[in-house]
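Undergrad: My questions will all concern the structure given below.
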Amino acid sequence: MQLVWLRNDLRVSDNPALYAACESAQPVEVVFIATPGQWQQHNWGSNKISWVAANLKSLKQQLNQLNIPLHISSCDAFENVPQHLNELMAELGATSLLCNAEPGFNESVRDHRVQEILVNSGYSWQRFAESNLLDYDAILTGKGAPYRVFTPFLRNARRWLSSNNPQPLPAITTLPQVLGQQLDRWHSRPPYQLSWPPGELQAWRTLQAFIDSPIQQYQTARDVPSIAGTSRLSPYMAIGAISPINIYKQLQQLSHGDGETTWLNELIWREFYRYLMHHYPRLSKNLAMYPNKEPCWDNNSHWFSCWAEGKTGFPLVDAGMRELNNTGWMHNRLRMLCASFLVKDLHLDWRLGEAYFMSKLIDGDFASNNGGWQWAAGCGADAAPYFRHFSPTRQAQRFDAKAVYQQRHLPELINGYPPPMVDHKAQCQRFSARVKELSNGV
Ligand code: FAD
(Lines of atoms letter the chains of each structure in order from A; the text may use other names.)
(Lines give C-alpha, C1' and ligand atoms only; values in the text may rest on other atoms or scores of the structure.)
Protein backbone atom coordinates (compact mmCIF):
# COMPACT_ATOMS: atom_id res chain seq x y z
CA MET A 1 0.00 0.00 0.00
CA GLN A 2 1.19 3.52 -0.77
CA LEU A 3 0.73 6.11 1.92
CA VAL A 4 0.37 9.73 0.83
CA TRP A 5 1.33 12.20 3.53
CA LEU A 6 -0.55 15.49 3.09
CA ARG A 7 0.68 18.66 4.79
CA ASN A 8 -0.25 22.04 3.31
CA ASP A 9 -1.72 20.51 0.17
CA LEU A 10 -5.19 19.55 1.38
CA ARG A 11 -6.72 18.83 -2.01
CA VAL A 12 -7.30 16.06 -4.52
CA SER A 13 -6.93 18.00 -7.75
CA ASP A 14 -3.44 18.79 -9.08
CA ASN A 15 -1.75 17.07 -6.18
CA PRO A 16 1.45 15.42 -7.51
CA ALA A 17 1.97 12.88 -4.68
CA LEU A 18 -1.66 11.77 -4.60
CA TYR A 19 -1.80 11.60 -8.38
CA ALA A 20 1.35 9.44 -8.61
CA ALA A 21 0.06 7.09 -5.90
CA CYS A 22 -3.28 6.69 -7.66
CA GLU A 23 -1.54 6.04 -10.99
CA SER A 24 0.27 3.04 -9.50
CA ALA A 25 -1.52 -0.28 -9.40
CA GLN A 26 -1.41 -0.38 -5.59
CA PRO A 27 -3.98 0.64 -2.99
CA VAL A 28 -3.64 4.18 -1.66
CA GLU A 29 -4.27 5.67 1.76
CA VAL A 30 -3.70 9.21 2.97
CA VAL A 31 -2.43 10.51 6.29
CA PHE A 32 -2.41 13.95 7.88
CA ILE A 33 -0.30 14.35 11.01
CA ALA A 34 -1.31 17.12 13.38
CA THR A 35 1.63 18.61 15.30
CA PRO A 36 0.08 20.89 17.95
CA GLY A 37 3.42 21.63 19.68
CA GLN A 38 5.01 22.66 16.40
CA TRP A 39 2.01 24.77 15.46
CA GLN A 40 2.37 26.60 18.73
CA GLN A 41 6.05 27.26 18.01
CA HIS A 42 5.01 28.59 14.58
CA ASN A 43 2.42 30.86 16.24
CA TRP A 44 -0.59 29.20 14.68
CA GLY A 45 -3.77 30.33 16.44
CA SER A 46 -7.17 28.75 16.84
CA ASN A 47 -8.49 30.32 13.61
CA LYS A 48 -5.94 28.53 11.46
CA ILE A 49 -6.14 25.29 13.45
CA SER A 50 -9.94 25.21 13.22
CA TRP A 51 -9.69 26.01 9.52
CA VAL A 52 -7.35 23.07 8.92
CA ALA A 53 -9.64 20.79 10.97
CA ALA A 54 -12.74 21.88 9.02
CA ASN A 55 -10.96 21.33 5.70
CA LEU A 56 -9.78 17.88 6.76
CA LYS A 57 -13.36 16.94 7.45
CA SER A 58 -14.35 18.00 3.98
CA LEU A 59 -11.31 16.30 2.41
CA LYS A 60 -12.18 13.08 4.19
CA GLN A 61 -15.58 12.97 2.50
CA GLN A 62 -14.02 13.78 -0.85
CA LEU A 63 -11.42 11.02 -0.49
CA ASN A 64 -14.11 8.59 0.69
CA GLN A 65 -15.78 9.00 -2.66
CA LEU A 66 -12.54 7.83 -4.25
CA ASN A 67 -12.34 4.93 -1.78
CA ILE A 68 -9.23 6.43 -0.23
CA PRO A 69 -9.15 6.40 3.58
CA LEU A 70 -7.83 9.51 5.33
CA HIS A 71 -6.08 8.84 8.63
CA ILE A 72 -5.71 11.79 10.94
CA SER A 73 -3.06 11.21 13.53
CA SER A 74 -1.09 13.38 15.90
CA CYS A 75 2.28 13.81 17.52
CA ASP A 76 3.66 16.84 19.29
CA ALA A 77 6.32 18.43 17.10
CA PHE A 78 8.21 17.95 13.83
CA GLU A 79 11.04 16.17 15.65
CA ASN A 80 8.62 13.38 16.67
CA VAL A 81 7.25 12.92 13.14
CA PRO A 82 9.96 10.57 11.72
CA GLN A 83 9.48 7.94 14.45
CA HIS A 84 5.72 8.42 14.37
CA LEU A 85 5.56 7.86 10.60
CA ASN A 86 7.87 4.85 10.83
CA GLU A 87 5.46 3.21 13.28
CA LEU A 88 2.45 4.22 11.23
CA MET A 89 3.89 2.64 8.08
CA ALA A 90 4.24 -0.68 9.94
CA GLU A 91 0.81 -0.40 11.54
CA LEU A 92 -0.92 0.28 8.22
CA GLY A 93 1.16 -2.16 6.20
CA ALA A 94 2.42 0.55 3.85
CA THR A 95 5.46 0.00 1.66
CA SER A 96 6.10 3.51 0.39
CA LEU A 97 5.49 7.08 1.45
CA LEU A 98 4.77 9.91 -1.00
CA CYS A 99 4.51 13.62 -0.28
CA ASN A 100 4.91 17.04 -1.92
CA ALA A 101 7.68 19.39 -0.81
CA GLU A 102 6.67 22.45 1.19
CA PRO A 103 8.62 25.64 1.90
CA GLY A 104 10.39 26.31 5.19
CA PHE A 105 13.62 25.33 6.94
CA ASN A 106 12.07 23.26 9.76
CA GLU A 107 9.93 21.49 7.17
CA SER A 108 12.92 20.42 5.08
CA VAL A 109 14.89 19.23 8.14
CA ARG A 110 11.84 17.18 9.16
CA ASP A 111 11.50 15.67 5.68
CA HIS A 112 15.19 14.81 5.55
CA ARG A 113 14.90 12.90 8.86
CA VAL A 114 11.73 11.13 7.75
CA GLN A 115 13.47 10.01 4.59
CA GLU A 116 16.46 8.69 6.60
CA ILE A 117 14.40 6.68 9.04
CA LEU A 118 12.03 5.24 6.43
CA VAL A 119 14.78 4.25 4.02
CA ASN A 120 16.67 2.60 6.92
CA SER A 121 13.55 0.60 7.72
CA GLY A 122 13.30 -0.57 4.11
CA TYR A 123 10.42 1.65 2.97
CA SER A 124 10.51 3.64 -0.21
CA TRP A 125 10.18 7.43 -0.07
CA GLN A 126 9.23 9.86 -2.81
CA ARG A 127 8.99 13.63 -2.42
CA PHE A 128 7.55 15.53 -5.37
CA ALA A 129 8.42 19.11 -6.24
CA GLU A 130 6.42 21.74 -4.44
CA SER A 131 3.25 22.57 -6.27
CA ASN A 132 4.15 26.12 -7.29
CA LEU A 133 3.13 28.11 -10.31
CA LEU A 134 6.76 28.82 -11.25
CA ASP A 135 10.00 26.88 -11.33
CA TYR A 136 12.07 28.75 -8.74
CA ASP A 137 15.39 27.43 -9.99
CA ALA A 138 14.69 28.56 -13.54
CA ILE A 139 13.96 32.21 -12.73
CA LEU A 140 17.35 33.82 -12.10
CA THR A 141 19.15 37.05 -12.93
CA GLY A 142 21.45 37.31 -15.97
CA LYS A 143 24.30 36.31 -13.63
CA GLY A 144 22.46 33.18 -12.51
CA ALA A 145 21.64 34.56 -9.03
CA PRO A 146 18.20 34.63 -7.38
CA TYR A 147 16.32 37.92 -7.62
CA ARG A 148 15.78 40.16 -4.61
CA VAL A 149 13.67 42.78 -6.36
CA PHE A 150 10.11 42.08 -7.43
CA THR A 151 9.78 43.96 -10.76
CA PRO A 152 12.55 42.15 -12.70
CA PHE A 153 11.41 38.89 -11.06
CA LEU A 154 7.88 39.57 -12.29
CA ARG A 155 9.07 40.28 -15.85
CA ASN A 156 11.07 37.07 -15.95
CA ALA A 157 8.25 35.10 -14.29
CA ARG A 158 5.75 36.26 -16.89
CA ARG A 159 8.13 35.32 -19.71
CA TRP A 160 8.65 31.92 -18.10
CA LEU A 161 4.87 31.43 -17.78
CA SER A 162 4.24 32.22 -21.46
CA SER A 163 6.90 29.88 -22.71
CA ASN A 164 6.29 27.03 -20.25
CA ASN A 165 2.53 27.26 -19.85
CA PRO A 166 2.30 25.08 -16.70
CA GLN A 167 -0.56 22.61 -16.73
CA PRO A 168 -2.41 21.00 -13.83
CA LEU A 169 -2.32 17.22 -13.55
CA PRO A 170 -5.22 15.27 -15.05
CA ALA A 171 -8.07 14.38 -12.69
CA ILE A 172 -7.69 11.22 -10.62
CA THR A 173 -9.92 8.62 -12.16
CA THR A 174 -8.79 5.28 -10.77
CA LEU A 175 -10.48 4.13 -7.59
CA PRO A 176 -7.87 2.41 -5.48
CA GLN A 177 -8.88 -0.45 -3.19
CA VAL A 178 -9.52 0.28 0.46
CA LEU A 179 -6.99 -1.14 2.86
CA GLY A 180 -6.16 -0.48 6.47
CA GLN A 181 -8.22 0.99 9.23
CA GLN A 182 -9.13 4.48 10.24
CA LEU A 183 -6.96 5.68 13.06
CA ASP A 184 -8.41 9.07 13.85
CA ARG A 185 -6.08 9.61 16.76
CA TRP A 186 -6.22 13.35 16.55
CA HIS A 187 -9.54 14.81 17.46
CA SER A 188 -9.88 18.22 16.02
CA ARG A 189 -11.02 21.11 18.17
CA PRO A 190 -14.67 22.10 18.22
CA PRO A 191 -15.47 24.12 15.09
CA TYR A 192 -14.75 27.82 15.44
CA GLN A 193 -16.99 30.44 13.89
CA LEU A 194 -15.37 30.96 10.49
CA SER A 195 -16.88 32.85 7.62
CA TRP A 196 -15.28 30.66 4.93
CA PRO A 197 -16.99 27.38 4.07
CA PRO A 198 -14.28 24.70 4.08
CA GLY A 199 -13.22 22.35 1.30
CA GLU A 200 -11.73 22.10 -2.17
CA LEU A 201 -15.10 22.51 -3.87
CA GLN A 202 -15.69 25.77 -1.98
CA ALA A 203 -12.26 27.00 -3.03
CA TRP A 204 -13.26 26.46 -6.67
CA ARG A 205 -16.62 28.18 -6.10
CA THR A 206 -14.85 31.17 -4.53
CA LEU A 207 -12.51 31.38 -7.52
CA GLN A 208 -15.41 31.08 -9.97
CA ALA A 209 -17.45 33.79 -8.23
CA PHE A 210 -14.45 36.12 -8.39
CA ILE A 211 -13.50 35.53 -12.02
CA ASP A 212 -17.13 35.71 -13.14
CA SER A 213 -17.04 39.47 -12.70
CA PRO A 214 -15.29 41.22 -9.73
CA ILE A 215 -11.90 40.50 -11.30
CA GLN A 216 -12.62 43.05 -14.03
CA GLN A 217 -12.50 45.91 -11.50
CA TYR A 218 -9.77 44.37 -9.36
CA GLN A 219 -7.09 46.94 -10.26
CA THR A 220 -9.03 49.67 -8.43
CA ALA A 221 -11.44 47.78 -6.16
CA ARG A 222 -8.63 45.86 -4.46
CA ASP A 223 -7.61 49.00 -2.56
CA VAL A 224 -11.00 49.77 -1.05
CA PRO A 225 -11.39 47.80 2.18
CA SER A 226 -15.11 48.49 2.59
CA ILE A 227 -16.04 46.48 -0.51
CA ALA A 228 -15.51 42.85 -1.54
CA GLY A 229 -13.08 43.81 -4.31
CA THR A 230 -10.61 40.94 -3.86
CA SER A 231 -11.01 37.20 -4.26
CA ARG A 232 -10.74 36.18 -0.57
CA LEU A 233 -9.09 33.00 -1.76
CA SER A 234 -6.17 33.30 0.65
CA PRO A 235 -7.51 30.91 3.34
CA TYR A 236 -7.86 28.18 0.70
CA MET A 237 -4.47 28.87 -0.85
CA ALA A 238 -2.73 28.87 2.53
CA ILE A 239 -3.64 25.22 3.14
CA GLY A 240 -3.35 24.17 -0.49
CA ALA A 241 -7.07 23.52 -1.02
CA ILE A 242 -6.58 24.79 -4.58
CA SER A 243 -3.36 24.76 -6.59
CA PRO A 244 -1.84 27.92 -8.11
CA ILE A 245 -1.52 26.11 -11.45
CA ASN A 246 -5.25 25.39 -11.47
CA ILE A 247 -5.94 29.05 -10.69
CA TYR A 248 -3.60 30.16 -13.47
CA LYS A 249 -5.32 27.79 -15.91
CA GLN A 250 -8.70 29.41 -15.17
CA LEU A 251 -7.18 32.87 -15.47
CA GLN A 252 -5.77 32.08 -18.90
CA GLN A 253 -9.26 31.45 -20.22
CA LEU A 254 -10.30 35.05 -19.46
CA SER A 255 -9.63 38.18 -21.45
CA HIS A 256 -6.45 39.96 -20.39
CA GLY A 257 -7.78 43.25 -19.05
CA ASP A 258 -6.17 45.39 -16.33
CA GLY A 259 -8.01 43.51 -13.57
CA GLU A 260 -6.82 40.09 -14.73
CA THR A 261 -3.24 41.35 -15.21
CA THR A 262 -3.10 42.98 -11.78
CA TRP A 263 -4.52 39.85 -10.14
CA LEU A 264 -1.90 37.64 -11.80
CA ASN A 265 0.77 40.03 -10.48
CA GLU A 266 -0.56 39.47 -6.95
CA LEU A 267 -0.40 35.71 -7.42
CA ILE A 268 3.20 36.24 -8.52
CA TRP A 269 3.88 38.24 -5.32
CA ARG A 270 2.88 35.09 -3.46
CA GLU A 271 5.28 33.07 -5.62
CA PHE A 272 8.01 35.67 -5.04
CA TYR A 273 7.88 35.23 -1.25
CA ARG A 274 8.03 31.44 -1.58
CA TYR A 275 10.88 31.83 -4.08
CA LEU A 276 12.79 33.98 -1.59
CA MET A 277 12.39 31.32 1.11
CA HIS A 278 13.60 28.69 -1.32
CA HIS A 279 16.74 30.66 -2.18
CA TYR A 280 17.40 32.35 1.18
CA PRO A 281 16.81 29.79 3.96
CA ARG A 282 17.81 32.36 6.59
CA LEU A 283 14.39 33.96 6.11
CA SER A 284 12.95 30.90 7.88
CA LYS A 285 15.25 31.51 10.83
CA ASN A 286 13.81 34.75 12.11
CA LEU A 287 16.38 36.82 10.23
CA ALA A 288 15.83 39.87 8.07
CA MET A 289 16.91 39.89 4.43
CA TYR A 290 18.84 43.10 5.20
CA PRO A 291 19.70 43.12 8.94
CA ASN A 292 21.44 46.50 8.65
CA LYS A 293 18.07 48.08 7.89
CA GLU A 294 16.61 47.07 11.25
CA PRO A 295 17.05 49.84 13.79
CA CYS A 296 17.19 48.96 17.49
CA TRP A 297 13.73 48.78 18.91
CA ASP A 298 11.88 50.50 21.73
CA ASN A 299 9.79 47.39 22.45
CA ASN A 300 7.29 49.10 24.69
CA SER A 301 4.86 46.34 25.70
CA HIS A 302 2.03 48.76 26.50
CA TRP A 303 2.28 50.17 22.98
CA PHE A 304 2.21 46.66 21.59
CA SER A 305 -1.05 45.91 23.47
CA CYS A 306 -2.64 49.14 22.19
CA TRP A 307 -1.76 48.12 18.63
CA ALA A 308 -2.89 44.51 19.03
CA GLU A 309 -6.22 45.49 20.60
CA GLY A 310 -6.90 48.19 18.02
CA LYS A 311 -6.63 51.08 20.50
CA THR A 312 -4.03 53.36 18.96
CA GLY A 313 -6.33 56.33 18.47
CA PHE A 314 -5.80 56.10 14.68
CA PRO A 315 -9.22 54.88 13.48
CA LEU A 316 -8.08 53.16 10.29
CA VAL A 317 -5.30 51.23 12.06
CA ASP A 318 -7.70 50.27 14.84
CA ALA A 319 -10.38 49.19 12.36
CA GLY A 320 -7.85 46.92 10.63
CA MET A 321 -6.76 45.32 13.90
CA ARG A 322 -10.39 44.83 14.99
CA GLU A 323 -11.16 43.19 11.64
CA LEU A 324 -8.27 40.82 12.26
CA ASN A 325 -9.25 40.11 15.87
CA ASN A 326 -12.94 39.61 15.11
CA THR A 327 -12.82 37.75 11.80
CA GLY A 328 -9.37 36.13 11.44
CA TRP A 329 -8.77 37.99 8.17
CA MET A 330 -7.61 41.48 7.22
CA HIS A 331 -7.72 43.39 3.96
CA ASN A 332 -4.32 43.74 2.28
CA ARG A 333 -4.29 47.53 2.48
CA LEU A 334 -4.81 47.31 6.21
CA ARG A 335 -2.16 44.63 6.60
CA MET A 336 0.32 47.03 5.00
CA LEU A 337 -0.81 49.99 7.11
CA CYS A 338 -0.98 48.15 10.45
CA ALA A 339 2.41 46.51 9.86
CA SER A 340 4.01 49.79 8.89
CA PHE A 341 2.47 51.49 11.94
CA LEU A 342 3.88 48.91 14.36
CA VAL A 343 7.39 49.32 13.01
CA LYS A 344 7.69 52.91 11.81
CA ASP A 345 5.36 54.68 14.28
CA LEU A 346 5.76 52.51 17.38
CA HIS A 347 9.34 51.31 16.74
CA LEU A 348 8.47 47.77 17.75
CA ASP A 349 10.20 44.66 16.40
CA TRP A 350 8.45 43.48 13.22
CA ARG A 351 8.75 39.90 14.50
CA LEU A 352 6.23 40.69 17.26
CA GLY A 353 3.73 41.80 14.66
CA GLU A 354 4.51 38.86 12.39
CA ALA A 355 3.81 36.43 15.26
CA TYR A 356 0.64 38.28 16.25
CA PHE A 357 -0.74 38.19 12.70
CA MET A 358 0.10 34.49 12.45
CA SER A 359 -1.71 33.77 15.71
CA LYS A 360 -4.91 35.38 14.40
CA LEU A 361 -5.01 34.87 10.62
CA ILE A 362 -7.09 32.10 9.13
CA ASP A 363 -4.91 32.42 6.01
CA GLY A 364 -1.65 32.51 8.01
CA ASP A 365 1.09 31.51 5.59
CA PHE A 366 4.69 31.73 6.70
CA ALA A 367 6.20 32.92 3.41
CA SER A 368 3.58 35.60 2.66
CA ASN A 369 3.37 36.80 6.25
CA ASN A 370 7.12 36.99 6.75
CA GLY A 371 7.56 38.61 3.32
CA GLY A 372 4.77 41.12 3.98
CA TRP A 373 6.21 42.07 7.37
CA GLN A 374 9.76 42.45 6.14
CA TRP A 375 8.46 44.51 3.21
CA ALA A 376 6.55 46.83 5.56
CA ALA A 377 9.42 47.05 8.04
CA GLY A 378 11.81 48.03 5.27
CA CYS A 379 14.33 45.22 5.89
CA GLY A 380 13.11 42.67 3.34
CA ALA A 381 13.66 42.01 -0.35
CA ASP A 382 12.20 44.82 -2.41
CA ALA A 383 11.02 46.48 0.78
CA ALA A 384 9.20 49.79 0.97
CA PRO A 385 12.13 52.21 1.52
CA TYR A 386 12.70 53.33 5.11
CA PHE A 387 11.82 56.96 4.31
CA ARG A 388 8.39 56.00 2.89
CA HIS A 389 5.73 55.91 5.61
CA PHE A 390 2.08 55.00 5.49
CA SER A 391 0.16 57.87 7.02
CA PRO A 392 -2.98 56.51 8.76
CA THR A 393 -4.85 59.75 8.08
CA ARG A 394 -3.87 59.99 4.43
CA GLN A 395 -4.66 56.30 3.86
CA ALA A 396 -8.12 56.84 5.37
CA GLN A 397 -8.75 59.84 3.09
CA ARG A 398 -7.68 57.92 0.01
CA PHE A 399 -9.20 54.51 0.61
CA ASP A 400 -12.04 54.97 3.12
CA ALA A 401 -13.06 58.58 2.64
CA LYS A 402 -16.60 58.03 3.91
CA ALA A 403 -15.33 55.93 6.84
CA VAL A 404 -17.56 53.01 5.83
CA TYR A 405 -14.91 50.42 6.71
CA GLN A 406 -13.87 52.26 9.88
CA GLN A 407 -17.43 52.50 11.18
CA ARG A 408 -18.09 48.86 10.39
CA HIS A 409 -15.29 47.75 12.68
CA LEU A 410 -15.33 50.64 15.17
CA PRO A 411 -18.96 51.35 16.09
CA GLU A 412 -17.72 53.75 18.81
CA LEU A 413 -16.33 56.07 16.10
CA ILE A 414 -19.72 57.74 15.85
CA ASN A 415 -19.35 59.16 19.39
CA GLY A 416 -15.91 60.68 18.87
CA TYR A 417 -12.61 58.91 19.24
CA PRO A 418 -9.63 58.94 21.65
CA PRO A 419 -6.59 60.95 20.51
CA PRO A 420 -3.72 59.31 18.60
CA MET A 421 -1.28 57.53 20.94
CA VAL A 422 1.78 58.99 19.16
CA ASP A 423 2.72 61.85 16.88
CA HIS A 424 2.89 60.09 13.52
CA LYS A 425 5.20 62.56 11.81
CA ALA A 426 7.69 62.81 14.68
CA GLN A 427 7.83 59.04 15.17
CA CYS A 428 8.44 58.39 11.50
CA GLN A 429 11.20 60.98 11.38
CA ARG A 430 12.86 59.27 14.36
CA PHE A 431 12.59 55.93 12.59
CA SER A 432 14.13 57.23 9.38
CA ALA A 433 16.97 58.92 11.26
CA ARG A 434 17.81 55.68 13.06
CA VAL A 435 17.84 53.57 9.91
CA LYS A 436 20.03 56.17 8.20
CA GLU A 437 22.47 56.06 11.12
CA LEU A 438 22.53 52.28 10.99
CA SER A 439 23.18 52.17 7.25
CA ASN A 440 26.01 54.69 7.66
CA GLY A 441 27.47 52.50 10.39
CA VAL A 442 27.10 55.22 13.06
P1 FAD B 1 -6.39 38.80 -3.70
O2 FAD B 1 -6.09 40.24 -3.76
O3 FAD B 1 -7.59 38.30 -4.36
O4 FAD B 1 -5.11 38.03 -4.30
C5 FAD B 1 -5.17 36.66 -4.73
C6 FAD B 1 -4.15 35.83 -4.01
O7 FAD B 1 -2.84 36.28 -4.29
C8 FAD B 1 -4.27 35.87 -2.49
O9 FAD B 1 -5.24 34.97 -2.03
C10 FAD B 1 -2.87 35.51 -2.06
O11 FAD B 1 -2.66 34.12 -2.09
C12 FAD B 1 -2.01 36.17 -3.14
N13 FAD B 1 -1.58 37.51 -2.73
C14 FAD B 1 -2.24 38.67 -2.93
N15 FAD B 1 -1.51 39.71 -2.47
C16 FAD B 1 -0.38 39.19 -1.95
C17 FAD B 1 0.76 39.75 -1.32
N18 FAD B 1 0.93 41.07 -1.15
N19 FAD B 1 1.73 38.92 -0.88
C20 FAD B 1 1.61 37.58 -1.06
N21 FAD B 1 0.56 37.00 -1.66
C22 FAD B 1 -0.43 37.78 -2.10
N23 FAD B 1 -1.22 36.53 2.65
C24 FAD B 1 -1.46 35.27 3.05
O25 FAD B 1 -2.01 34.47 2.28
N26 FAD B 1 -1.11 34.85 4.31
C27 FAD B 1 -0.52 35.68 5.21
O28 FAD B 1 -0.19 35.25 6.33
C29 FAD B 1 -0.27 37.02 4.82
N30 FAD B 1 0.28 37.92 5.68
C31 FAD B 1 0.53 39.21 5.26
C32 FAD B 1 1.14 40.10 6.15
C33 FAD B 1 1.42 41.42 5.76
C34 FAD B 1 2.09 42.37 6.72
C35 FAD B 1 1.07 41.83 4.45
C36 FAD B 1 1.36 43.24 4.01
C37 FAD B 1 0.46 40.96 3.57
C38 FAD B 1 0.19 39.64 3.96
N39 FAD B 1 -0.43 38.72 3.07
C40 FAD B 1 -0.65 37.42 3.48
C41 FAD B 1 -0.71 39.09 1.66
C42 FAD B 1 -2.11 39.64 1.36
O43 FAD B 1 -2.47 40.62 2.29
C44 FAD B 1 -3.20 38.55 1.36
O45 FAD B 1 -2.76 37.44 0.58
C46 FAD B 1 -4.50 39.08 0.77
O47 FAD B 1 -4.97 40.17 1.52
C48 FAD B 1 -5.53 37.96 0.73
O49 FAD B 1 -6.75 38.43 0.25
P50 FAD B 1 -7.36 37.86 -1.11
O51 FAD B 1 -7.32 36.38 -1.08
O52 FAD B 1 -8.68 38.50 -1.29
O53 FAD B 1 -6.30 38.39 -2.16
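Cβ atoms here come from the backbone N, Cα and C positions, even for glycine.
The domain 'Photolyase/cryptochrome alpha/beta' annotation in TrEMBL covers 1-133. Annotation source TrEMBL lists FAD binding site at Tyr218, 230-234, Trp263, 266-273, 363-365. The site 'Electron transfer via tryptophanyl radical' annotation in TrEMBL covers Trp297, Trp350, Trp373.
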Undergrad: Can you tell me how far the Cα of Trp350 (site 'Electron transfer via tryptophanyl radical') sits from the Cα of Arg232 (FAD binding site), in Å?
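TA: It is 25 Å, counting Cα to Cα.
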Undergrad: Among Tyr218, Arg232, Glu271, Asp363, Trp373, please name the recorded positions whose Cβ is nearer than 6 Å to ligand 1.
TA: Arg232, Asp363, Trp373
Undergrad: Whole-number answer please: how many Å between the C-alpha atoms of Trp263 (FAD binding site) and Trp373 (site 'Electron transfer via tryptophanyl radical')?
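TA: Taking the Cα atoms only, Trp263 (FAD binding site) lies 21 Å from Trp373 (site 'Electron transfer via tryptophanyl radical').
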Undergrad: Between the Cα atoms of Trp297 (site 'Electron transfer via tryptophanyl radical') and Asp363 (FAD binding site), what distance do you get, rounded to the nearest Å?
TA: 28
Undergrad: In whole Å, how far is Trp373 (site 'Electron transfer via tryptophanyl radical') from Glu271 (FAD binding site) when you measure between their Cα atoms?
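TA: Taking the Cα atoms only, Glu271 (FAD binding site) lies 16 Å from Trp373 (site 'Electron transfer via tryptophanyl radical').
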Undergrad: What is the separation, in Å, between the Cα atoms of Trp373 (site 'Electron transfer via tryptophanyl radical') and Ile268 (FAD binding site)?
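TA: Each residue's Cα considered, Trp373 (site 'Electron transfer via tryptophanyl radical') and Ile268 (FAD binding site) end up 17 Å apart.
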Undergrad: What does the DSSP secondary structure composition of the domain 'Photolyase/cryptochrome alpha/beta' (1-133) look like, as residue counts for helix, strand and coil?
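TA: Computed counts for the domain 'Photolyase/cryptochrome alpha/beta' (1-133) are 65 helix, 27 strand, 41 coil.
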Undergrad: Including all protein chains displayed, how many Cβ atoms other than that of Tyr218 (FAD binding site) lie within 10 Å of its Cβ?
TA: 22
Undergrad: Using Cβ-Cβ distances, find the residues under 8 Å from Ile268 (FAD binding site) that belong to the same chain and are at least 6 apart in sequence, listing them in sequence order.
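TA: Listed in sequence order, they are Leu133, Leu134, Phe153, Leu154, Ala157, Arg158.
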Undergrad: Taking the domain 'Photolyase/cryptochrome alpha/beta' (1-133) alone, what is its mean pLDDT?
TA: 96
